[in-house]
Amino acid sequence: MSTTIIGFPRLGEFRELKFTTEKYFRKEISEEELLAAAKDLRAKHWNIVKEKGITEIPSNDFSHYDNFLDAAFLFNVVPASVQNLDLSDLERYFALGRGYQGEKGDVRALPMKKWFNTNYHYIVPKFEKDTQVKLAGHKIFDEFQEAKELGLNTRPVLVGPFTFLQLSDFEEGVKADDFVDSFVAAYQEVFAKLADLGATRIQLDEAALVKDLTAEEKALFLNLYNKLLADKKGLEVLFQTYFGDVRDVYADLVNLPVDAIGLDFVEGKKTLELVKGGFPADKTLYVGIVNGKNIWRNNYEKSLTVLEQIPAENIVLTSSCSLLHVPFTTANEEFEPALLNHFAFAVEKLDEIRDLDAIRNGQGSEALAANKELFATERVGENAELRARIAGLTDADYTRLPAFAEREAIQEEAFKLPALPTTTIGSFPQTKEVRAKRLAYRKGELSQKEYDAFLAETIDEWIKWQEDIDFDVLVHGEFERNDMVEYFGQNLSGYLFSKNGWVQSYGMRGVKPPIIWGDVTRLNPITVKWSSYAQSRTNKPVKGMLTGPVTILNWSFPREDISIKDSTLQIALAIKDEVLDLEAAGVKIIQIDEAALREKLPLRRSDWYEDYLDWAIPAFRLVHSTVAPDTQIHTHMCYSEFTDIIPAIDNMDADVISFEASRSNLEILDELKAKNFQTEVGPGVYDIHSPRVPNEGEIDNTIEAILAKVPSKKVWINPDCGLKTRGIPETKESLIRLVEAAKAAREKL
């Protein structure tokens, strides 16, 4: 009986880590109190995993901010600007993730990128010319010792050296090969220390191997591991992969002197085929059979069919990836049992892994019978009218006329905006008062009339403030919305909403993805009321703010009984109806956010178009294809790497696109120029995910850099994302500087 998981959620059952850490950020508790609370949380989580009967428990999967950042700190991959800050280790650690602005200095946060095809974001380390890779941290050892004191001999988890190098940035003139020997020495020192502490096995996460690999990348991988595994310091090595299959290196991988290999049998298209072709008898196979990214119950019969085909003798059942990507437990939900029985969050997935192992070993007949019964019953019916509407779509439904160049001229005449028009991405700070009023309204303590009056007053205040500082295109602030997906889902059929289904997105920020239960249609107008109200309060244009269909799908837990393409088209038709209602209400600039467009892009380039972009881009076009030429369509995208899909983004046929660029040093601009990008662009001129306020002249320099790459007539000036999570003082100070910088830049044109 051998079972494990790749990793466990770390925010806590009720987001305890988030709230404690935020108290620390506000200086309400000490560093010692934060560390003590985190220690208690780790003990609680280890105990849950143990009590569920999981036989191998991981450690060091916990993080105060991000596991990739933990590895950077462990191996001294820290910029000199942060190394030199006169701060504690923990303060420097947080400075890397959040930036630091205070009496000890002023440093920007490191860039942040999507973690493969998930909604989790990792902090991107940077190798500089003087970076000295060495063992500098002790977290992995401390947490192993903590668990040992609780009577648990855990398996420490660490990002592998290949993935670390592949996903990091490098200063000009610096390359990954420069650090092979120093990384090998540092990892071997980790091995030795863990062995001395009594560890028997370490898990090295090498998810980068599921992507397309060049000959040079394969050579780097083999060079690293041939050297590293030459001396394992008496420790067994589990080579763990997830998010896909390792077809490019499988033959090499099985011949490396590792002791165990973890493979993904959920998302790995070719994993079963590879293993059936042969797996070494002297190695243990960790079978990722329970989906770590979705919340539906595992179909035991289907999983057992896969397990029966695996020829390996030594098997450990595990999750397909870390359970970080699903909520904590269904125990705190209020769904009817008929609904709840279909869901498995992190704690319930422990049960599933244990059940499958028991069934495989001739036990667990009751669990198998109950699971069969669950899947034998039809879960939900279909909407025949909606299915017919989709079946009737033609190419014309995906094509906006006239073409972009003609629309651009029409809109220039219609809006008469200045050069370098200024705007924001949509949301303004959601203060304690805003959240308290929303909660009171939900509880029935505030009437509809009272709540509407509060929202109107708040919108009025921010519309006037935007006019006072002379923004060109305004937003209403989204004060009525709790979340950019849940708010829409609450007005769509086919959606369910958890009470406590939080999932970590970046740092201490959690999101609560809704669940797509059935067919999706719009129940009523969603945004028209407040967007049209805001427009009535000013003569300047106010953007209508919508979330696009691909993002709504990608930031929800999708159905598994129909394709994500079909689900997305259903959502697209619902949002299309909303776009047309906004236009009819006099809202002439409509932003359709596709923040998560890249999120489900297949990790292998050969699958990009056929499996995703060939339907995701048309789904966006479907939403806006029938608006008038003088209605301007904006879209926005968040932290992702877009440079390799620029033609697809241009093909969305929006009129303006804004995107994150500040943390990544505007690298995307070179690609826009090279690809002759036609859509007008708003590269984010400052990073809103850090509380840091841009220095005097900082935004001016960013605008200057943008104008060196993009014609001024194509450029908009905006922050890189919405301002919902920021405080009012820092928001206003930053936006005043943004408007001033835009005006100064206009003077130079």
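In case you wondered, yes, glycine gets a Cβ from its N, Cα and C as well.
Remember, predicted model here, so these are calculated numbers, not experimental data.
The record from Swiss-Prot ties Ile425, Gly426, Ser427, Asp593 to L-homocysteine, and of the options Glu373, Glu378, Glu478 it ties Glu478 to that site too. Zn(2+) binding, as stated in Swiss-Prot, involves His636, Cys638, Cys721; the candidate among Glu660, Glu704, Glu740 given for that site is Glu660. Annotated 5-methyltetrahydropteroyltri-L-glutamate binding in Swiss-Prot involves Arg15, Glu16, Leu17, Lys18, Trp555, Glu599 plus, out of the candidates Lys113, Lys114, Lys126, Lys449, the residue Lys114. Cα proximity to Ser427 (L-methionine binding site) (within 10 Å) is found for the following binding-site residues from Glu16, Cys638, Cys721: Cys721. A straight line from the CA of Glu16 (5-methyltetrahydropteroyltri-L-glutamate binding site) to the CA of His689 (active site, proton donor) spans 21 Å. Each of Thr424, Val475, Met484, Met545, Gln591, His636, Gly722, Lys724 belongs to the same chain as Ile425, Gly426, Ser427, Glu478, Asp593, is absent from that list, and has a C-beta within 8 angstroms of the C-beta centroid marking the L-homocysteine site. Among the binding-site residues Arg15, Gly426, Trp555, the residue whose Cα lies closest in space to that of His636 (Zn(2+) binding site) is Gly426. Taking the Cα atom of each, Ile425 (L-methionine binding site) and His689 (active site, proton donor) are about 13 angstrom apart.
Each residue contributes its Cα atom, and for Lys18 (5-methyltetrahydropteroyltri-L-glutamate binding site) and Glu660 (Zn(2+) binding site) these two points are 24 Å apart.
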